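Single-structure report; data block below.
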Amino acid sequence: MATRSNRTGTALQPPQDPAEPKPPPRGPKDRTRPAPSPGTRARTRRPRLWTWLLLPGTLWMTGFLVASLLLVATLALGTTDPLGNPRFGFDFANLTALADPAYSTVLLRSLGYALITCLISLAVAYPVAYAIALCGGRFKNLLIAAIVVPFFANYLVRMYGWSVVLSDDGPLLKALRAIGLADDGTKILQTGAGVIAGLVYGFVVFMIIPLYAAMERMDTSLIEAGRDLYGGPLRTFLFVTVPATRQGAAAGCVLVFLPAMGDFVSAQLMGGPDQIMIGNLIQDKFFQGQNWPLGSALTMLLMAVLFLGMLGYLRRTRKDEAEAAR
Amino acid sequence: MSTPQRRRRGAERRPRFAIAVTALFFVLLYLPVGVVVLFSFNAQKSLTVLDGVSFRWYTALLHDEVLLDSLGMSLRVSLVAMAGSLVLGVALALGLVRSRSRLGSFAGLIMLVPLITPEIVTGVAAMLLFKGLGITLSTTTVMLAEITFSISYVTVILRSRIAALNPEVEEAAMDLGATRGQALRLVTLPALLPSILASAVLIFALVFDDFVLAYFTTGVDPQPLSVRIYSAIRFGVQPTINAVGTLMLAGSIGLILLALAIPRLFGRRGGLDLLSGK
């Protein structure tokens with residue numbers, strides 16, 4: 001790309017401006033250009049216009065997003081007055097209330113469901129990404145598009161259709177009964193398995209896309225080398241393909257885990273009252289319970305868990321990069 | 001390089017297991033969508049037994065004032081969010097790529113926040129902000145929240161595209177007498193037009209289908225279509241939802257195909273490639 005744009009670049013090289021110290025002609029990547037002299041460059045090469053363009057968007061995001069998130073953090077320390085109205089304060093009652101076993105059970109369940117969702121998504125996404133990337137041929141893009149398109153259907157409608165499929169006399173259980181894998185009492189809906197099935201259906205695309213991208217980039221001659229060294233398909237997959245694509249898998253896990261932890265639709269439609277996740281608790285505190293400070297505290301708890309997860313991911317990828325650089 | 005012998009060996013080693021899983025995956029991926037579409041044409045109310053073909057749920061839809069109001073509101077919200085996030089997002093993306101001020105690194109950081117925060121958190125936060133400011137939740141609050149959410153998408157899509165532009169073409173325009181603003185308006189923005197249009201379509205589809213943010217920021221009446229669907233499927237099965245879902249599905253697929261087609265419509269003709277350096 002650099003060489004090609006260089007060609008256009010030299011053809012369109014502007015005449016020298018005597019007032020302006022002209023750096024040697026380089027590619028379009030201005031950043032790499034050495035600064036001729038710090039003062040003049042800032043004024044002439046990088047006009048204020050670009051900074052001005054940043055301003056409205058930044059102000060908007062600060063006003064609506066940063067401020068609102070700070071508000072949640074502040075209200076988590078607030079209280080409710082006897083009428084149930086939220087009051088700002090400096091009270092740790094909400095945070096200590098989170099230690100209540102009722103909440104920690106829900107948090108642990110949410111963590112468990114989100115982690116299992118990640119694992120199942122990995123188990124589904126690896127073969128799918130592998131088959132499309134390595135055997136897709138010229139249909140690769142079409143197949144990937146076929147995976148992405150239903151994802152753009154309304155989330156609720158997809159979940160609703162999925163709950164119909166999984167229902168007690170829905171097509172899936174009927175088929176399983178026909179081949180003897182399920183009996184009449186087998187249920188998927190109203191169980192934890194139903195919630196996880198919903199989460200996997202909702203977010204597995206986020207696993208497939210980064211894994212597929214990693215497989216596409218992978219040097220397939222490595223796989224051939226594994227075979228030439230008499231590795232069986234499973235060994236080759238475990239010791240060649242998985243290590244080569246683990247960054248895609250890690251990115252996919254983050255992309256699945258984040259929304260799965262925060263989801264409340266799946267637990268509502270696929271699970272019962274005893275399958276609720278932290279998202280349902282938050283929703284309940286804000287709509288039914290009208291205890292906003294407690295809802296804010298739960299939201300902060302969710303954020304804290306996800307932040308720890310992100311931190312782990314970043315450390316992992318940094319270690320990977322350091323290893324790759326060695 | 002690969003001899004026929006080797007290719008035959010490769011064919012023997014086709015990952016049958018992976019292909020079987022992929023086939024099963026596609027069946028399960030399309031089954032729920034297929035069920036919704038199929039049963040939207042069912043003559044009966046049942047969700048398990050198909051009993052003749054009819055359009056009764058579609059005609060019922062046409063007479064459902066509440067749903068039509070919701071549809072109208074969702075369309076208005078999507079249009080406003082699209083326009084607002086495009087104006088702010090395009091400017092932000094240009095600034096992020098071209099400016100080297102410290103504001104840029106701050107903007108680049110907060111722009112990522114919506115992408116790594118679960119929607120329920122941004123939804124709760126937006127609701128608290130509006131309530132805290134004493135603003136009654138309404139169509140306007142949904143619009144404001146959706147704009148905030150969409151700016152990140154516009155910026156992410158356009159950022160790489162702007163980085164690929166050749167800034168020397170702009171400089172050439174300025175050497176020919178254009179001001180910085182004219183160069184931006186007459187050279188850079190037309191070059192970005194396909195990407196801007198594609199992200200516009202994408203934002204429209206995303207906002208129209210969005211549920212969580214709309215759920216937390218909407219007032220009583222009218223409610224966005226997805227929120228209306230949510231209450232409908234929570235309280236008893238209504239076959240009209242199949243019809244609504246089918247229409248939304250068709251709309252979304254149409255928009256996605258449009259977004260994919262836009263760069264192609266502009267094609268490799270015209271001066272666009274010269275500018276993009278591709």
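Cβ atoms here come from the backbone N, Cα and C positions, even for glycine.
Features as listed in TrEMBL:
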{"type": "TRANSMEM", "residues": "B:21-41", "note": "transmembrane segment"}
{"type": "DOMAIN", "residues": "B:71-259", "note": "domain 'ABC transmembrane type-1'"}
{"type": "TRANSMEM", "residues": "B:77-97", "note": "transmembrane segment"}
{"type": "TRANSMEM", "residues": "B:109-130", "note": "transmembrane segment"}
{"type": "TRANSMEM", "residues": "B:142-162", "note": "transmembrane segment"}
{"type": "TRANSMEM", "residues": "B:183-208", "note": "transmembrane segment"}
{"type": "TRANSMEM", "residues": "B:241-262", "note": "transmembrane segment"}
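Touching of the transmembrane segment (B:142-162) and the transmembrane segment (B:77-97) is concluded from the presence of at least three CB pairs under 8 A, sequence neighbours closer than 6 excluded. If one looks beyond the transmembrane segment (B:241-262) by at least 6 residues along the same chain, the residues whose Cβ comes under 8 Å of a Cβ in the stretch are 33, 36-37, 39-40, 42, 57-58, 60-61, 67, 194, 197-199, 201-202, 204-205, 208-209, 225, 229, 232-233.
Counting Cβ pairs closer than 8 Å to the transmembrane segment (B:183-208), the top stretch among B:21-41, B:77-97, B:109-130 is B:77-97.
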